Amino acid sequence: MADALVDYDDVLAAYDPALGLEVHVELNTHTKMFCGCPAVFGGEPNTQTCPTCLGLPGAMPVVNGKAVESAIRIGLALNCDIAEWCRFARKNYFYPDMPKNFQTSQYDEPIAFDGYMDVDVDGEIVRVEIERAHMEEDTGKSLHVGGSTGRIQGADYSLVDYNRAGIPLIEIVTRPILGAGAKAPDVARAYVAQLRELIVALGVSEARMDQGNLRADVNLSLSPKGSGVLGTRTETKNVNSYRSVERAAHYEMRRHAAILNDGGSILQETRHWQEGSGTTTSGREKSDADDYRYFPEPDLVPVAPSREWVDELRGTLPENPTVKRARLQAEWGFTDLEMRDTVGAGAFGLVEATVAEGCAPQAARKWWLTELARRANESGVDIADLGVSPAQVAAVQALVDAGTVNDKLARQVFDGLLAGEGTPEEIVAARGLAIVSDEGALGAAVDKAIEANPDVAQKIRDGKHAAAGALIGAVMKEMRGQADAGRVRELVLERLS
Amino acid sequence: MAGALADGTTTSVALTQAHLDRIAAVDGAVHAFLHVDAEGALAQAAASDERRSAGSPLHLLDGVPIAVKDVLVTEGLPTTCGSKILEGWIPPYDATVVARLKAAGLPILGKTNMDEFAMGSSTEHSAYGPTHNPWDLDRIPGGSGGGSAAAVASYEAPLALGTDTGGSIRQPGAVTGTVGVKPTYGGVSRYGLVALANSLDQVGPVTRTVLDSALLHELIGGHDPRDSTSADVPLPDLVGAARRGADGDLSGLKVGVIRELAGDGWQPGVMARFTESVDLLVGMGAEVVEVSCPTFVHALATYYLILPAEASSNLAKFDAMRYGLRVLPEGVASPSAEDVMRATRDAGFGDEVKRRIILGTYALSSGYYDAYYGQAQKVRTLITRDFEAAFAQADVLLSPTAPTTAFKLGEKLDDPLSMYLNDLATIPANLSGVPGISVPSGLADEDGLPAGIQILAPALADDRVYRVGAALEAALLDAWGGPLLDKAPDLEGTL
């Protein structure tokens, strides 16, 4: 086993990476894929179930029309062809939390196929080809009780919650992405990030990676440089943040190279991503000969979306993300670098939403990329999951614009927001953060500062206005930062001229 | 019976009690039932009588008791599918057809015996022991719905529901002298029918007369939003067609005799009754043509690839985890889920079920799919084309329902292939989804046992099978001087 990873530059000197991404999106339909049970996250175990999603003998599935609509819209947004006629198939295998011991999925007849997405990787557009997007149902969830790890090994017993069983999923599969070289991990990250933005824009899923609404499997293989022969791949399952997608690809490239350099061969298997250590561990061995005994699901009639309907749905698509990005960059007046940083931080949609709430674009960018990005990083979450909404950011900036607080005080408002202390206005009031513009109080503080710093005062009287900074600083300190710096400067100069 | 209820000659409670008494008297010998719900049936009967005395508008069959094949799930009543693996399972919901029976006020007498998971042609593959043919208790009642057919033939139930995947309503009907109907695929909801082979299964009536079947069919049929394969079109007027047929005029009707399903190798007595029936139809003005359906000779092989394939997938859910039997393997200290599943399936499934799971798993496996399952689907299409060509020449198609009368219990148990041949004539209809009826055609000369004639019509033209079936039934009734079933031995006298 390769304990020592190969240095990344050395990987690239010897090998070409091939990347493939499979992303599962849980749709936000009101009901499940094949029954009328509510399709919502959480709930007491096994309360959102019926004979169909429990797979009871005799129960039958009926396709959720809204899920088909979402699938078509995703397919169209990914520039796919939409099948005129397609079917569901049974994927037969035994799995503890799969009630029928087969999954109703699509096999050789997916609803959408042959598409692409142009992905912005640090300003460079990379075309990722989409092989297919197909519909299927989610499984239940196992809870292993006892033992120390919460995993099945060592557990005393296992419980299964079928609330999630039957929630509609769309699986989006790319063709192998070749030629990305050193940027393969960045492409993986940017693809998942942009795909998620698209899903959010389509409104078809909550797309929360931390809750498993959107799960990425990262396939990776290496081939000897220039050989053009695809190597054996591993599939790192259920990676749940952009950063982890990038790190998983990076790690697997270095791990594969170590094995190959030692003359070993890669085992075709699934891998589990370990967030803490930034490594992957072995999962299930998986060969191409996995025999799922697919055959058309006889309980479901074929899905044959009319061309009129598809065209109608085409009309509901949001603007193409690449086009939209160029348009908004121009509207916002961002430099290429500013734009790249915004996208790279996963803040594009947040900035957009904040601007839509009335905030100036530069201010929105500043808050998300500095203050909020720092806090998200400290908490180890994506900034979208930090718990501050675009509307709140816009409200904070509105307070700055009104002169109620300055940037420094605004940071304390964010403290209050994250602590759930109410609206920005309420936090300013409760914490007493508003800037003091009472002339009497300011005047007294200015007089006090002049008295305490006679040398500085003399310099200003001599015409060296630049020295005013020291007095302003003293006033701000006295006022605990809650003074209007511009007004303080005016008062200082008034008194000393 | 419906008439006697309507004019107050009897009550539903009296009718239901009479049938429960009959069950108590003869079912020890016949073994048509796996579970009798006397209490539930009498409560439903009392409720029906109350509705009637209150003058509420009632379904014609309100208050007439019925038996239900144990493959249909019934809320609060055991459902085993004739298998040990489901012993003790009480479903939390009703099949759509059962819900419709309840809504119309038919008391449910109980659940009838069947070949395990509906796999068989003799009801000898039930894990709970075979059902006996009321005409001769040493003989099979047909299968897999032998319990429903025997219940009706032995006067334990006036009506019953069966399911027909390859002939499991029609073939038992033929060998017990009852009427059995396989509706058009999609004409009756399958929701709550524990699937054997989903693309072939169909729920249908088992009764003593064609009119009874039409009434029951109209009651259970029609679109069900919970079954996506159920046809969203109105049912044709089946009762009207049966009544028109009973008037006996078939002028202008073209009947086709399927060359491949009658002739050499068929029991002479069965063929004799068949020929007589065809002559009777001619006597009522029908024109007879001979049609050829050459691909029907491949129907059996096709069926025995498609059925096990679907069945192997359907039966995967019986994994000992959530309901039914759970067997812990012997000599294993801490068994894994797989160990428990293996031990349970070994103990819970019978030989025929295991045989078909293995066959189906093989037929679907990669590398063999195209050669077997894929090929079978192609032949299925050809069989449908044969039907289309034949229905271009004739309004209905005829054949004997089964090649022989009832054979002896145990006679073919060790010879699955010869057992499979019993469904030779009935299987093509399932492969193509067309409707069919089996009507008693008399007793074979050799053994004095019932034979049946099968009438097939194009998909969604179920009314035709009722019209022709009722016409033939009326003519035969005249010829016999009464219902065929009245010629059956009096069980209480022979016990």
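Counting begins at 1 with the first residue displayed.
Just so you know, glycine gets a Cβ as well, placed from its N, Cα and C.
Annotation source TrEMBL lists domain 'Amidase' at B:15-465. Annotation source TrEMBL lists active site, charge relay system at B:LYS69, B:SER144. The active site, acyl-ester intermediate annotation in TrEMBL covers B:SER168.
Distribution of TrEMBL features across the structure.
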| residue | record | Cβ neighbours (10 Å) |
| --- | --- | --- |
| B:LYS69 | active site, charge relay system | 31 |
| B:SER144 | active site, charge relay system | 36 |
| B:SER168 | active site, acyl-ester intermediate | 36 |
Measuring Cα to Cα, how many angstrom lie between the residue listed as 'active site, acyl-ester intermediate' and B:SER144 (active site, charge relay system)?
5
For B:LYS69 (active site, charge relay system) and B:SER144 (active site, charge relay system), determine the Cα separation and express it in whole Å.
10
Where does B:SER144 (active site, charge relay system) sit by DSSP, helix, strand or coil?
coil
So what's the average pLDDT for the domain 'Amidase' (B:15-465)?
96
